[in-house]
Amino acid sequence: MELGLVELLRAAWIAGTLPILIASLPCSWLGSFHGLVLGLARRGKIMKSSSHHKFTVPQRFFSHFYVVAVVWTTLLLIATWIYAHRMAPIVSEPFFYSDLGSYLAGRSNTFSFHRSQLINSENKFRVWLSVFLLLLMEVQVLRRLFETLYVFKYSPSARMHIFGYLTGLFFYTAMPLTLCCTCAPNVFKFGTSEVTEFIVKDRSSTQAIEFDWWDFVNPFSKLGWCQWIGAAIFLWGWIHQHRCHAILGSLREHVGKVDEYVIPHGDWFEIVSTPHYLAEIVIYAGVVFGSGGADLTIWLLFGFVVSNLIFAAAETHRWYLQKFDNYPSNRVAIIPFVC
């Protein structure tokens with residue numbers, strides 16, 4: 001079951017990334033395919049340049065993505081956290097992937113326990129690492145939900161393709177699951193068992209649950225430098241994305257002028273046209289770094305995010321250049337000083 005989930009997620013991220021990469025190739029004979037992918041990905045002001053609005057939904061439906069993300073991520077976080085606390089307590093010294101690699105390669109005498117204990121410790125670390133990554137993503141999706149509801153002012157005429165809408169729903173369902181895919185099947189079994197036991201057993205015979213918040217938090221102190229550097233990178237992108245979203249939201253403070261556009265200024269807008277996309281890449285780079293960089297599924301998720309955002313950023317940058325004659329010439333699409 002575990003391998004099946006991991007393989008399905010990997011296949012999904014590859015299937016989502018390949019069409020974008022193919023459409024991005026500078027080949028004239030791929031022009032029609034590029035137009036097809038772009039048509040499915042367009043939304044908001046970019047879609048307004050097209051007169052074909054069939055199979056579209058209001059862009060304000062973006063809030064649906066983050067409602068799903070908050071509910072699903074919170075559920076996974078709580079379930080995985082309880083599972084980690086009950087089934088994978090960490091009471092030893094900090095455990096690092098580098099230590100594990102050194103031990104397996106015979107270069108360290110730090111660990112003196114048997115192979116079975118080593119595997120057990122590795123699994124414990126992975127479970128708590130999943131909790132850590134889900135906790136980071138919880139902070140992200142909560143902020144995005146708040147911004148969608150209270151910061152952005154979507155134009156009544158802003159639309160997005162139904163395919164993009166369904167893709168967004170899929171992304172915010174599969175993305176949190178990717179962060180805990182190595183332990184998700186066991187978490188599901190544990191949760192099912194706990195619920196069944198609670199239902200079947202009489203409440204009087206059910207063991208009382210005691211909460212010691214320190215036991216829930218202390219294992220994070222056992223994580224390594226890689227996780228905390230990843231969290232710092234995540235926070236750096238998180239802060240800048242919030243600032244850039246606030247700038248975009250402030251451009252439409254007057255409801256009667258929601259269809260008018262101006263050139264945004266401030267923060268990373270001074271160097272790129274889509275700094276909120278750049279910040280999103282930084283956020284997910286922090287997640288990859290925090291994961292230790294050893295999980296292929298998370299790398300494939302990161303590849304999908306980067307390819308999707310760069311593809312969208314290039315079209316947004318072209319729109320700015322066509323819309324404003326005085327658009328700053330020093331700005332590039334998304335990657336500073338590159339593209």
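Cβ atoms here come from the backbone N, Cα and C positions, even for glycine.
Where the annotation comes from TrEMBL, it is an automatic prediction and has not been curated.
Annotation comment: TrEMBL describes 209-338 as domain '3-oxo-5-alpha-steroid 4-dehydrogenase C-terminal'.
If you look up TrEMBL, you'll see 12-40 (among others) marked as transmembrane segment.
Look at TrEMBL and you will find 61-84 (among others) tagged as transmembrane segment.
If you look up TrEMBL, you'll see 125-142 (among others) marked as transmembrane segment.
What TrEMBL lists as transmembrane segment is 163-188 (among others).
Ranked by number of Cβ pairs under 8 Å to the transmembrane segment (125-142), the listed stretches 12-40, 61-84, 163-188 are led by 61-84.
Counted with DSSP, the domain '3-oxo-5-alpha-steroid 4-dehydrogenase C-terminal' (209-338) comes out as 87 helix, 2 strand, 41 coil. Long-range Cβ contacts of the transmembrane segment (163-188) within its own chain (Cβ-Cβ under 8 Å, at least 6 residues beyond either end) map to 1-2, 5-6, 9, 12-13, 16, 40-43, 55, 57, 61-62, 64-66, 68-69, 72-73, 76, 79-80, 83, 87, 123, 126-127, 130-131, 133-134, 137, 141, 287, 291, 295, 297-298, 301, 304. The list of residues near the transmembrane segment (12-40) in space but at least 6 beyond its ends in sequence, with Cβ under 8 angstroms from a Cβ of it, reads 50, 52, 161, 163-164, 167, 170, 174, 178, 297, 300-301, 303-304, 307-308, 310-311, 314-315.
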